[in-house]
Every structure is written in structure tokens, then in C-alpha cells.
Ligand SMILES: NC(=O)C1=CN([C@@H]2O[C@H](COP(=O)(O)OP(=O)(O)OC[C@H]3O[C@@H](n4cnc5c(N)ncnc54)[C@H](OP(=O)(O)O)[C@@H]3O)[C@@H](O)[C@H]2O)C=CC1
Ligand SMILES: O=C1O[C@H](COP(=O)(O)O)[C@@H](O)[C@H](O)[C@H]1O
């Protein structure tokens, strides 16, 4: 029996035949079943508009499970148990009359988790009709990102949801918060006093946050071209990472204590005004290049593309946080599609010692960095200076790592996918790893001023070849401050 107490629920997945549901959500639910974290009476309702008869829909879900679950984790008995929980229903989520059949399949008296794996434009209608069907009181609603396109549209969606659900029933997903290594940021910072005493402008010179992807648009051009990398990645994942690095210690681990501290960081982000925008922010778009050893098309030549789009697939920027802890410490953020390597990492660069006593020619070697690898090769490495070994060596310095690789150190533990953790947290009614409305709105407000600035100054898009580390201008962004992106080669 698992140590976690699991209660029976009805899990209703809206958009069950969409990309996210098939690629991520069903596999995550299967993994929870495999780990005995779904109660025997838990039922899964797969809700979709198209997809044929229920047995055809079921076949598509089974096919996806067989495709996305690693073969050594696919257990036939678990798969059959999982499929037996499943009921496929066809509905148009905008039609109130379609909810009667849903209501018949929801167990009375059990929590209903309604997961919206649909475009955000449909969230309001789903909420209205869940309430109309008398299902609101027992429901927790899970909202995928991005919520809206800007602050104004996100307010409209959040208002529509709030008409029927209290904030305590709303779980806004940012799947980065479900990654084990991201949760580890809280443990690293607040369970090790050694870091907290150094975690400020007296000791840290700057911080880098990189989320580089090797994938391109993967058939999502229609969605992505409306969004772009700023809305798709910076507004949510990268600003959340920045908050977890920059926030003050919360007084406890409750959802609101953590969220209050994150909101303070978002409110303290310095605006980037149009006069400094082109120095502080770089927008890029990939052109044809080589990825994984093969030629790949540019963004404008992708399937279903529009050849004149100026949507960005890359953003690099310098953010400054106006408070006592971080004054004068730039946070350099960058993220892009079709980059040289899949890599999500945070690098904390510590300042040089206040007084230097070693040979002058070794001075440039001095560097203490804390490197937090979020994916792949999850782990933490602290680079420290030591003396070179040997009788023939004087006080020659060299930099070496104190290293913790999670999969090597904790050999037995499988690293769960972010969605497994997040689904489990919703099932337990725990909002810690979900984003509160004000966080979403402050993040939009900050991103909106960048978009407005781009419109005002007509900031041009910089091309970069697929398979590179981004536009040359993103290197200039950091070298202008006498620094470089860590680890690029
Ligand atoms: N895919 C991903 O990797 C990620 C997705 N997200 C978010 O998750 C959500 C889903 O994304 P994704 O799976 O990619 O999108 P898809 O377009 O692949 O899936 C959305 C599904 O919703 C269905 N749908 C839309 N409107 C209705 C309606 N009125 N009635 C019934 N069904 C409807 C669509 O059905 P139909 O095909 O019939 O229109 C489709 O199956 C979005 O909010 C997205 O931003 C977030 C992070 C990553
Ligand atoms: O939310 C999104 O995230 C993925 C990247 O997630 P990861 O877990 O693979 O790092 C990104 O590709 C997608 O465009 C975006 O919508």
C-alpha cells in the first residue's frame, strides 16, 4: 500500500483526444495507476468532440499509451485495469445540453476533477455548463496554460471561471512546477542554510536561466504562431523559475505562503522601457539548419506555416529585480526552439572574493558557480576553486565540481514526469504547485510591456540557424555586461 492516502474521484478530461491529453496526461494517469495511486473506485471520463464511436476513441487512447510509455513500464495487467476505468463520451463543450450525459457519469458525493486540455477560449463555457449541470460544488478545475494572450484576455478568462468556482477550486497548471528538479529548488534553498546566507546581491553577481529545446513546432504551428516564445515559455515557465530563485523564504509550505513570496518578486521586476528594449531583449526566429545531425526546415517552412510570420521562436532578456536582495544582480533569461541542445539549467554566479591574494595571471580563473540542471541529467553542481595537486605545483588554482547527480545518487528512484506529480496534487486537493490568479496577471503585465515596446519601436526579429544557440545578438546582450552564457560552445 502506498504511504499516500488516495480517495476515489471522478476525473473528467476535456479534450481527451488532443495532443496534450494523448502525449502527457493519459500516460501520467497510467503511471499513477501503476504506482497504486488511483483508488479502485476512481473513474476516468474521456471527453471529446470527434473521434468516432467510444471503442474507436478507446483504441486511440490505448495506442497513445503504448506509444508514449516506455516498454519496460508498460504492464499489461495495469493497462487493462486502467482501460477498464475509462469511459469515452462525445460532447461539444460549448453546448449546455451535452452536459446531461456527463452528469450521469459523475459519481455523486465524490470529488470531480475537471481537467481542461482545450484552448483557453473554451474554459468559460465549460465552467458555465458544469455549474448548469449542478457539478460545480464537487469540482476542482484544472486550467492549462497559457491563460489568455495578454493581461486583458487573461482577466476575461479568469473572471469567467471565477463566476462559478472559488480560487480554492482552481488549479492553474504550469508543468514546470511539477518537475522534481524544480521542486528541489525549494529544498535546496530553504533546507540548506549555507546557501541562504549567500543568496543576495552581496555574494551573487548574476543569474542565468536557460530553457533550450531542440524540437521545432511539432505540428502546433496554428497555436504557436499566435503565441510565440514570450507567451509560450517566458510568461509562465521562465518567470516561475525566476520567482523560485529570487523569492524570500516563505514562512511555511502552504500554497499561499509560497505564492505570496512569488508575487512580491513579480511586482518587483523592473519595467523594460522602449528606450532600452533593444539592449535588454532579443527576439529570434529559427531559419533552416541542422538538428540531430539532419537538415530541418526553418520556422517559415514548417507544415501549415504562413511564410510571412514574424512570431519569435527565441527570446533572450535581462531582467532586474528592484529590491534589497537583488539590486544590481541581473537575471539573464533565454529560451528557444530548435536550439543546439535540450537543456534547462539555472546558473548562479557568485562574486569574486573581496580581496585577491593569488598570482595575478590566475585571477580570471576564479569563479564559484552553482549549476542547477533541471533537465536532462538532473542534478546540482557547485564549482569551487582548489589547489592543483602535486609537489611540482605551487599555489596553482583550478576549478572543480562538487557534484550531485540525482539518478546516480538516488539509484532506485524513477524521476516521475511533471504531470504525474501535478495530477496527484490535484487529486489530494493541494494547491502548492499551482499558480494563483495574481501571479498569472503580474506575469502578463510584465510581458505585455515588452510586446507594447516591440510594437512601438518596431523591434526587428533576428534569425538564427536551427541547431545553434540563438541569434548573435543574444550573445551581445550578455557580453555587453562583461559576461557570457555558461556552457555554450
Ligand atoms: N500540447 C502541449 O504540449 C501543451 C499544451 N498546453 C495547453 O493544453 C491545452 C490543449 O493543448 P493541445 O492538446 O496541444 O491542443 P489540441 O488542439 O491538440 O487539443 C485540444 C482538444 O480540445 C478539443 N476541443 C476544443 N474545443 C472543443 C469543444 N468546443 N468541444 C469539444 N472539444 C473541443 C479539440 O477537439 P477538436 O480537435 O475537435 O477541435 C482538441 O481535441 C491548450 O490550452 C494548450 O495551450 C500546454 C502546455 C503544453
Ligand atoms: O509548455 C510548453 O512546454 C514545452 C516544453 O516543456 P518541457 O517539459 O519539454 O521542457 C514547450 O515545448 C511547449 O511549446 C510549451 O507550450
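Keep in mind that glycine also has a Cβ here, set from the backbone N, Cα and C atoms.
Just so you know, TrEMBL annotations are computer predictions that nobody has curated.
Residues 175, 179, 213, 337, 342 are given by TrEMBL as substrate binders; from 159, 232, 320, that same site also lists 232. Its own atom aside, the Cβ of residue 213 (substrate binding site) has 19 Cβ atoms within 10 angstroms in the protein chains shown. Just so you know, of the binding-site residues 49, 145, the Cβ with the fewest other Cβ atoms around it within 10 Å is the one at 49. Overall, the recorded NADP(+)-binding residues 49, 92, 93, 145 cover a maximum inter-Cα distance of 21 Å. Checking Cα-Cα distances from residue 145 (NADP(+) binding site) against the binding-site residues (175, 179, 213, 232, 342) with a 10 Å cut-off leaves 175, 232, in sequence order. Cα distances from residue 93 (NADP(+) binding site) to the binding-site residues 213, 232, 342 are smallest for 232.
It is 179 that, of the binding-site residues 175, 179, 342, has its Cβ surrounded by the most other Cβ atoms within 10 Å. In this structure, residue 49 (NADP(+) binding site) belongs to neither helix nor strand by DSSP; it is coil. Least packed by the Cβ count within 10 Å, out of the binding-site residues 92, 232, is 92.
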